[in-house]
Amino acid sequence: MISKRPPYDKVLYTVSLVLVLLGIIMVYSAGAIKAGEQYGDPFFFLKKQLLWALIGCAVMIWAMNRDYRTFQQYAPLLFFFSLFLLLLVLVPSIGVKVNNARRWIRLFGISFQPSELAKLSIVLLMARVLAKRADQDESFMKRFFLPLILSGLVCGLIVLQPHFGMVGVLLCTVLALCFAAGVRLSHLSVIALAVGAVAVLFVVTHPYALERVMTALDPTHASAKAAHQTNQSIVALGPGGLLGRGLGESYGKLGYLPESHTEFIFAVAGEETGLIGSLIIVSLFGVFLWRGTRIALRAPDLFGAYAAIGITFIIVVQAVINLGVVVGLLPITGLPLPLVSFGGTSLVTTLFCVGILLSISRYQTARGRLA
């Protein structure tokens, strides 16, 4: 029986909006100078981020007020639509190539990154398939073969762009879903080893990816060009101290730190708001993980539980990878900080994910299917 709880998880809702608000502030602070130089308007990035935030919040509110089981019905359609878009990215006349990577589609003057939608589609489709097969007495191969093949297909198309960071997020999420669905640790270990072997193969066959990995492992012996972004990110974080230099006072964004308003926005936030501000951002993602996991455990059915786990993981894992890159623990991936970094596709899609998660929370029970 559905318990009489608030209509949605207000803590998760508040945390998500706070992250969006912090992102808007930091996008302006980190990108005003670059926007002024490139577009003649220091508010250019701020205006676009505000527009995307409004669209994203509208999508979130729409999703949270729908029965989440509706998305189970349309999961296959969304998945194949995402596959179609991923294929379009690879078409030279349609896909936009930036920094040796073809990750965007540009239509009617608007750039769109299909891999952002693809990661949500694979979560919803896996949740649907795993939930339907949960009560069937099937072998490991029969139960998990289709979800793993479909996930591999999406990852393969994203590798061709290439976008190894997004593939990493998807693979971690797929493994988490398999674990939640009851895959034995022995089987999970085999899958992880196979994925690791393929990852190593792709890294060693792509020089730029290998250079990034080696730079992360030993930045002191990397070329100045290869280690520039990582070094400048760490240099920006260092002087922040406890309380930071103050909003708008970052030195890193003065041309020293590339992508200061996108992938490395946390470095600027750390420099301007210090350790306290950095810990607040990290803590907000920690709260997001807690509430998302809580929603999964209290979901009334397995689709809701698996969807909640998958959505929580794609957001939190991406945040962890981004933070790892900024502090120099992981190679540069090109992944934005969810809800915070500049970027329309990422922001709108992530808020769509949050909306589905909030919809699941409206139907949560005192003891869900996974509890």
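Keep in mind that glycine also has a Cβ here, set from the backbone N, Cα and C atoms.
All TrEMBL annotations are machine predictions without curation.
What TrEMBL says about this protein:
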TRANSMEM  12-30  transmembrane segment
TRANSMEM  50-65  transmembrane segment
TRANSMEM  77-95  transmembrane segment
TRANSMEM  143-160  transmembrane segment
TRANSMEM  166-183  transmembrane segment
TRANSMEM  190-209  transmembrane segment
TRANSMEM  264-290  transmembrane segment
TRANSMEM  302-327  transmembrane segment
TRANSMEM  339-360  transmembrane segment
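Contacts between the transmembrane segment (12-30) and the transmembrane segment (143-160): absent, as fewer than 3 C-beta pairs lie under 8 angstroms at sequence separation of six or more. Taking Cβ pairs closer than 8 Å, the transmembrane segment (166-183) reaches residues 115, 118-119, 122-123, 126-127, 130, 134, 140, 143-144, 147-148, 151, 154-155, 158-159, 191-192, 195, 199, 296, 305-306, 309-310, 313-314, 317-318, 321, 333, 335, 370 in its own chain, all 6 or more past its ends.
It is 77-95 that, among the stretches 77-95, 264-290, 302-327, forms the most Cβ pairs under 8 Å with the transmembrane segment (143-160).
Residues 11-12, 15-16, 18-19, 22-23, 26-27, 29-30, 229, 232-234, 236-237, 239-253, 257-258, 312, 315-316, 319-320, 322-323, 325-326, 336-337, 340-342 of the same chain, all 6+ positions outside the transmembrane segment (264-290), place their C-beta atoms under 8 angstroms from a C-beta of that stretch.
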